[in-house]
Amino acid sequence: MACGLVASNLNLKPGECLRVRGELAADAKSFVLNLGKDSNNLCLHFNPRFNAHGDANTIVCNSKDDGTWGAEQREVAFPFQPGSVVEVCISFNQADLTVKLPDGHEFKFPNRLNMEAINYMSADGDFKIKCVAFE
């Protein structure tokens, strides 16, 4: 995957939400949204996989602590279609992150690193970001 958008100094605090809207490639295989302190310390690695790394139509989430990946969490809800415009909302709380998918389905991912703020975001893969909002 080519290097996509990287943003730092976000200072997203518990109770706040990150809303990302973008367009999926017509031949999308996967895309990634990372949130955390930096590229080696991620409280959320959000990776919808259409057909990548042995997974099909699966969302894989993980965390990375000082460069070491944690245990993967897989979600069976997969409301993404290649070539479509999608919006994902991620609410940050002290205990977990709540991910709201385009179809309204929500799931939680634990804040394993006990981060008190999210300062880093990156996006990569078959996803062209159109809008990022902080609420």
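Heads up, the Cβ atoms here are built off N, Cα and C, so glycines get one too.
Taken from Swiss-Prot, the feature beta-D-galactoside binding site applies to His45, Phe46, Asn47, Pro48, Arg49, His53, Asn62, Trp69, Gly70, Ala71, Glu72. Residues or ranges marked as domain 'Galectin' by Swiss-Prot on the basis of sequence analysis: 4-135. Feature annotation from Swiss-Prot assigns N-acetylalanine to Ala2; the stated evidence is similarity to another entry. Taken from Swiss-Prot, the feature N6-acetyllysine applies to Lys13, Lys29, Lys108, Lys128, supported by similarity to another entry. Summarising the annotation, Swiss-Prot assigns phosphoserine to Ser30. What Swiss-Prot records for Lys108 is N6-succinyllysine.
Everything Swiss-Prot records as a feature, shown here on the structure.
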residue: Lys13; record: N6-acetyllysine; DSSP class: coil
residue: Lys29; record: N6-acetyllysine; DSSP class: coil
residue: His45; record: beta-D-galactoside binding site; DSSP class: strand
residue: Asn62; record: beta-D-galactoside binding site; DSSP class: strand
residue: Gly70; record: beta-D-galactoside binding site; DSSP class: coil
residue: Lys108; record: N6-succinyllysine; DSSP class: strand
residue: Lys128; record: N6-acetyllysine; DSSP class: strand
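Straight-line distance linking the Cα atoms of Lys128 (N6-acetyllysine) and Lys13 (N6-acetyllysine), rounded to a whole number, equals 25 Å.
Cβ neighbours of Glu72 (beta-D-galactoside binding site) (same chain, under 8 Å, six or more residues apart in sequence): Val60, Cys61, Asn62. Using CA atoms as reference points, the modified residues Lys13, Lys29, Ser30, Lys108 were checked against Asn47 (beta-D-galactoside binding site), and the closest is Ser30.
Looking only at Cα atoms, the residue listed as 'N6-succinyllysine' sits nearest to His45 among the binding-site residues His45, Arg49, Gly70. Here His45 (beta-D-galactoside binding site) is positioned 16 angstrom away from Lys29 (N6-acetyllysine), judged by their C-alpha atoms. Arg49 (beta-D-galactoside binding site) sits 4 Å from the residue listed as 'phosphoserine', taking the CA atoms of both as reference points.
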